[in-house]
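For reference, the structure discussed in these notes is given below.
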Amino acid sequence: MSHLILLFSLFLAPAFADRGSQKSVQNLCSNDVSHKRQKRDWIWNQMHIKEEIDTPLPHHVGKITSSVRNNNAKYIIEGEYANTIFKVEETSGDVYAFERLDREKKAEYELTALIIDRTNNRSLERPSKFIIKVYDINDNAPVFVQRVFNGSVPEMSPVGTSVTKVTAVDADDPTVSGHATVTYEVTTGGEYFTIDDSG
């Protein structure tokens, strides 16, 4: 009988040991999960604004938001155009443009977002860079790349003979459908010459 009790206890020992290790693993996992839940991070969408907006300034661009919960939190932006063209409302994180923007002069702006404790100026979150993109409107007329294009053609040449090629360019965004498309038209001498869309 004593042999049976000894064998039975030997079989149970690893089982209890295994349960103990499972508990410790579960505790570690739950600690990891709770640690991950405490992670803070910046939250916002891509910021963009149309160029040449014809409404009173300032223009709302977007919102920088952190998951930090602190009654003394204060939003700040830094960068070349921070606090001049762009300003942030320190409690809400709303970003505004204080100038009308021209995409042809500058298509995007890189700034840095910070959130600090206003009582001691300590950072509550790692700084994060973000980009404000300026969306194009079709506000530029095409211009010829030179003032005069010279061409020549031998007399009695057959119809359809190439005389010269002209080129015009448009400063608007070529990735937006139709904004930088150039078409050509002969306004004088159309009875003798035609021009196609390639110039």
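Cβ atoms are placed via backbone N, Cα and C, with glycine included.
Residues annotated as domain 'Cadherin' in TrEMBL: 52-144 (among others).
The domain 'Cadherin' feature in TrEMBL is assigned to 145-199 (among others).
The signal peptide annotation in TrEMBL covers 1-17.
Helix, strand and coil counts under DSSP for the domain 'Cadherin' (145-199) come to 0 helix, 2 strand, 53 coil. Confidence for the domain 'Cadherin' (145-199), expressed as mean pLDDT, is 89.
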